Amino acid sequence: DSSGLQECDPSWKRHISDQLKLRDRVQRHTFEEIVQQYNRLLEKSDLQAVLTERYQIEKYDVQRGHEASSLDASRSDSLHQEMSQMRIRHQEELTELHKKRGELAQTVIELNNQIQQKDREIQSNEARMLEYQQQIASLEGDCRDLRNSLQELEMANQTLKDEYDALQITFSALEEKLRKTSEDNQELVSRWMAEKALEANRLNAENEKDTRWAGRQTAEGPGGRRQGAAANRTVTGETSPNRPISRTARRRSANSFGTSPETTEPPSGGCAEVRVPTTALHVFEAHDGEVNTVRFSPGSRLLATGGMDRRVKLWEVVAGRCEAKGALTGSNAGITSIDFDSAGSYLLAASNDFASRIWTMDDYRLRHTLTGHSGKVLSARFLLDNARIVSGSYDRTLKLWDLRSKVCMKTVFAGSSCNDIVCTEQCVMSGHFDKKVRFWDIRAESIVREMELLGRVTSLDLNHDRSELLTCSRDDVLKIIDLRSNAIRQTFSAQGFKCGADWTRVTFSPDGSYVAGGSADGALYVWNVLTGKLDRTLDRNHSSAINSVSWSPSGTYVASVEKGSRAILWSDM
């Protein structure tokens, strides 16, 4: 820093010297005229003194000569007149010079004032220059600190890169180990199959031996025939060669390809009995932060929840409790909706990061990421063929996706933010921010019809035979729309029920005889569809507004999630 200042010193000193020299040249030109005028004034003043003295002498001489001679008198008169005229001229010049001197004195005063002003400006500039030099020194210090910080960040970045490379190497090694383990597992399964085949051949041989023995007993007599037949039935009934082979094949299929958790569940085409919830069986912390959505799998054994912590969590419902099974990761923002395909093999989740994602349920791996929306994706649903997906977004569009080609097949502009979607075979129904429910023909990409409600539509749900549509809106009213007559069949409301958000989800019971919805005060409301009246209110367990409710396809359980981090499993047990 001191060397830098020393390098800068000659330049500013030279600059000040040049400025002073320039000032001397400019101001000397002005003062030269004053000095010349002043010198002339002095010269004329001296001349006047000389002339006056000479005139006095001549005056005395004239007076003496006047007495001497008359000729000298006339000459003296002319000389006196000449002297009077000269004195008058000199007096006028002297007056003019005095006037000029006064002007020049005023000019000198003004120039002195200007010089003082310039001196003050020079002092101010020097002070400002000193301040700038201090600022330069401070900025140079900051620059050094930033360079040091940059070096530290580069070192930290290099360390992180090295750690990442090491983790990548470790991951590759683990992946290779997994591959070898899978190959070993396949080999063990093959060996196990071969041993089972040998065991089956042995059992077949024993069966054949017992059959021959039974034949001999039959040939010996009627009693022997009956015993042989009984033995034959016993052997063929218990040790048939086909049974171990089929069990082996089934077990190999399970071990080799990995079945979905839903494949072992009973089909959910209908429910034997719907249980209206009365008791909170299990209250648990589901996510780190707000829980936005909840949905049961088609077999009712798994429960999926999605939250603002960017995860979909899976819970196994066992004996009235939810046990954690795993978490699906990959989303970059909060989850807004969840849907299962009809077989329970895939899970679809919409997210606030403008995308929808699909995971497989047998290995919890992310399979597809569908991007293309320019706003939050608020709802996504499988179509009934499980090969296509429809998504609705805050960007006021609906998109139809083909899972085989993983591309967007169609984009439809709805004109308003889409909050929820449900689907039938050829129709998509969407609920919107502008209070309208729109019905879309998938083949024609056009609106078949639309129905306007009295509040922003937050939720849509279909009953079991897809003949009735349940809606929830921000006017705190639930409505059932008959899709055959396109008319509102029933309206549900209750004292204290208030829709808490633009994405509050309500649900039908599996048989369509009840509807359930959560309120902003944390209470769960259940209405009877047959009577149109409120059946019950459960208001003691949630501590904040309920965001979503789901009824299990088996009819046994109801799950609800809230703006806090809590989820509750309900039933009548």
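Including glycine, each Cβ sits where the backbone N, Cα and C put it.
What TrEMBL records for 101-191 is coiled coil. Among the features that TrEMBL reports, compositional bias 'Basic and acidic residues' is placed at 201-213. The domain 'Autophagy-related protein 16' annotation in TrEMBL covers 15-204. Residues or ranges marked as region 'Disordered' by TrEMBL: 201-273. The repeat 'WD' annotation in TrEMBL covers 284-325, 328-369, 370-411, 506-537, 539-573.
For the repeat 'WD' (506-537), the residues of the chain that approach it from at least six positions outside its boundaries are 268, 270-271, 274, 276-278, 459, 461-465, 468, 470, 472, 478, 480, 490, 492, 494, 496-500, 543-555, 558, 560, 562, 570, judged by C-beta separation under 8 angstroms. Counting residue by residue with DSSP, the repeat 'WD' (506-537) contains 0 helix, 16 strand, 16 coil. Sequence-distant neighbours of the repeat 'WD' (284-325) (same chain, 6+ residues past either end, Cβ-Cβ under 8 Å): 261-262, 265-268, 331-340, 342-344, 347, 349, 351, 359, 361, 364, 503, 505, 547-554, 556-557, 559-569, 571, 573.
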